[in-house]
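K.L.:
Have a look at this one.
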Amino acid sequence: AKMAAAASELLTGWCLFGLALLAILIFCWVYVRKYQSRRESEVISTITAIFALAVALISSALLPVDIFLVSYMKNQNGTFKDWADANVSRQIEDTVLYGYYTLYSIILFCVFLWIPFVYFYYEEKEDDDGNTCSQVKTALKYTLGFITICAVLLLIGAFVPLDIPNKKNSTEWEKVKLLFEEFGSSHGLTALSFSISSLTVIGMLAAITYTAYGMSALPLNLIKGTTSAAYERLENTEDIEEVEQHLLRIKSKCRDGRPLSSRDRRTVQQLEERLRTLRRRERHLESIEKSWWTKFCEAIRPLKV
């Protein structure tokens, strides 16, 4: 009966975590697909962004699951429930702990290896149209710097925080041996925790900086307002007329039958692509101008000020 109750409680907790995991994956996919460039997107970079963002959010989602499981093992008076004996509670704690360190290891892998490699690989692909082998070599060369930083963090976390007993008769070799023994007994968890904490400090500083800027910029932007859709349409129409005139000037060079130069052909292609983009933008601005949201924003303009 105790095992059945324990299994039921564990199943409830992990079902909630599974639902949160599914919601996070859907959110990451929608978020990345919404804000990425359609023309310059790559499959691997898209998968990398979705996966890395999902792992970071799943690591955050594991914390409430941990709290939920611990609270479910106890009664309202703080005592453990009948099914939550020492063996079951220890098993739950170990499972959650392994989940934490698995996710932390994946984060380190993404931050110091996968994301830098994908970034430098596609940067090299844009700068040089050479073969894939040279692009991989260059990307690995730059990624090696991030791997070095990761190794330094792991070494600092593994050895520096340890409290080494100061024995008068101990030799230097015994001290070094004790360092490695302590590192082996913790299975490298101290090093992993220190590396994740270092990344967390960087993220905290970024969050403080951008939160302060956002809280200052939000009221100013509300007062300043945004450019109206009608004014943007007028500017867009002027850009369309300018591009069309430029196209006519270039195409007028070949009225007597002479072919355009390769430079002029490339310019025509670029201008035609820009013209298509401007016309798509014109249709988009037209729909925005007629939308109910635009009329609503105009009505609450005094409230924003």
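Glycine residues also receive a Cβ, built from the backbone N, Cα and C atoms like all the rest.
Remember, it's a predicted structure, so these values are computed and weren't measured experimentally.
Sharing the features that TrEMBL gives for it:
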type: TRANSMEM; residues: 6-31; note: transmembrane segment
type: TRANSMEM; residues: 43-63; note: transmembrane segment
type: TRANSMEM; residues: 98-122; note: transmembrane segment
type: TRANSMEM; residues: 142-162; note: transmembrane segment
type: TRANSMEM; residues: 189-213; note: transmembrane segment
type: COILED; residues: 261-288; note: coiled coil
K.L.:
Please identify the stretch among 43-63, 98-122, 142-162 with the greatest number of Cβ pairs below 8 Å relative to the transmembrane segment (189-213).
P.N.:
142-162
K.L.:
For the coiled coil (261-288), provide the mean pLDDT of the predicted model.
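P.N.:
Summing pLDDT over the coiled coil (261-288) and dividing by its length gives 86.
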K.L.:
Should anything in the same chain at least six residues away from the coiled coil (261-288) have a Cβ under 8 Å from its Cβ atoms, list it; otherwise answer none.
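P.N.:
For the coiled coil (261-288), the nonlocal Cβ contacts are 229, 232-233, 236-237, 239-240, 243-244, 246-247, 250-251, 253, 294.
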